[in-house]
Amino acid sequence: MRSMTLATLFAALSGFVILPIAGRALGAENVDGFQAFWALFFALGGVANGLMQETTRAVRSATTVTGATGAAGAAGAAGATDRGIAQSANGATAIHEIAVGPESGLAAGRAIAAPSSTPTYPLARTYPLPRTRNLLWSGLAVGLALATLVALSGPAWHSLGLDPHGGAAVAILAAGICSFSLQAAVAGALSGTQRWNIYAVLLTIDAGLRLLAALAAWALGVPHLAFEITTVVGALTWIGMVAALPAVREALRSPIDVGPGKFWTSTIQAMAAGAGTSVMVTGFPLLVTATAGAGDDRVLMGATINAILLTRAPLLVPLTSFQSAIIVWFVERREQGLRALGIPFSAVIGVGVVGAAAAWIVADPIVRLIYGDEFGLPGAVFAGLTAASVGTAALMISGNAALAFERHAVFNIGWWVAVAASVGLLLVLPLELDTRATLALLAGPIVGAVVHCLGIAAGARTARREAAAGAH
């Protein structure tokens, strides 16, 4: 995982470089249009990442089941039967041999009990053996759907504070998000098969292309549109990697643990939650822009959005890149239930406390030095926004746990509760824009994370009851 750590650090640092480059090149009075475009692209990318997350889960679960069932499992994957693992309330592990229907329509089968010395978290579901599919087609389907959405929504851009540039910006965003979706399928396949070194290369090239394009745009003094091209150029990385690396092509042919119908149902649910994720993680500047009143200062708006992006990047950019690894981590610890969240929660809280204290002291002078005085804000605002990033990080972790535990509805609801709480505060708080944004980002994610944790706990209780009933 060292390669992943280095790649995510590079991605975070490149984002830190690109944002001030755009700020210097465009100025505080014009940079909010680029910031909104940047936020919209990565917000749509967050929706596409629902495909990456579900692909990671499905591929990793299939790999786990295949490993558990051995040669018989491989035979089942060829089409004769499905074999899966179910865990009962007393901790015994049962390997079920089950007839397979078109959508893994599972019929009752015989169970062979295997002793287990470690009590396990009961799973109500028997996991069917995998089916092989080319996962790149899933990325193409998602990409075309999102590109169509971009094309149809083009006329609404101006009301969101985006600089439209006619049809050119629409074409850039549509092509970029289509390619991003294909890249999400590649990332999910690599993560599910634990090809972390190759995934790290993907992240590094993606961030490197974006950084080089930003430097070129700044050096050449080209207009706003060039920075929009810079935003999407990294999404082309998958093309070269699929063409050059047989291991990537092999990963894309990995089996998954469900049939096409179930896979797409789960993917759509994950993408719906991903839309909420996008609003909170990358699309929040759009909410600030859309909810700003006529009396809100435009320069303060640009400074606030810039502060939101900067304070969230150190924690959320690496965490976003590590989402697939986090999902794999939870898939392999499903038996622990809520206890599995203890270590990652503690880690992000520790980082956030230190970061918020540092931001209170040094963020404002550093921002003024790098960006200019017009981007300065009180230290308390920077500290509050940094603390808010901890809440969002906890929400991401709890959501990934819900997904790994196959609580897709809980995953979805938690994110949208967080969005509703944050938007409500942005609309009703009678405060300055920067304070309003800080409080909205603090409260919403905490509420959403609580929903996730309550849902995971409720799911565990239901699973135990069903397992106990089945034992009798």
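Placed from the backbone N, Cα and C atoms, the Cβ positions cover glycine too.
Automatic, uncurated: that is what TrEMBL annotation is.
Copied from TrEMBL, the annotated features are:
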TRANSMEM  37-52  transmembrane segment
TRANSMEM  135-157  transmembrane segment
TRANSMEM  169-191  transmembrane segment
TRANSMEM  198-219  transmembrane segment
TRANSMEM  225-248  transmembrane segment
TRANSMEM  268-288  transmembrane segment
TRANSMEM  308-331  transmembrane segment
TRANSMEM  343-363  transmembrane segment
TRANSMEM  375-397  transmembrane segment
TRANSMEM  409-431  transmembrane segment
TRANSMEM  437-458  transmembrane segment
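Segment contact holds for the transmembrane segment (437-458) and the transmembrane segment (375-397), given three or more CB pairs below 8 angstroms at sequence separation of 6 or more. Contact between the transmembrane segment (225-248) and the transmembrane segment (198-219) is supported by 3 or more Cβ pairs under 8 Å, counting only residues 6 or more apart in sequence. With a cut-off of 8 Å on Cβ pairs spaced 6 or more residues apart, the transmembrane segment (409-431) and the transmembrane segment (268-288) reach 3 or more such pairs and are scored as touching. Taking every recorded stretch in 37-52, 135-157, 268-288, 308-331, 375-397 and counting its Cβ pairs under 8 Å to the transmembrane segment (343-363), the highest total belongs to 375-397. Against the transmembrane segment (375-397), stretch 268-288 shows more Cβ pairs under 8 Å than any other of 37-52, 198-219, 268-288.
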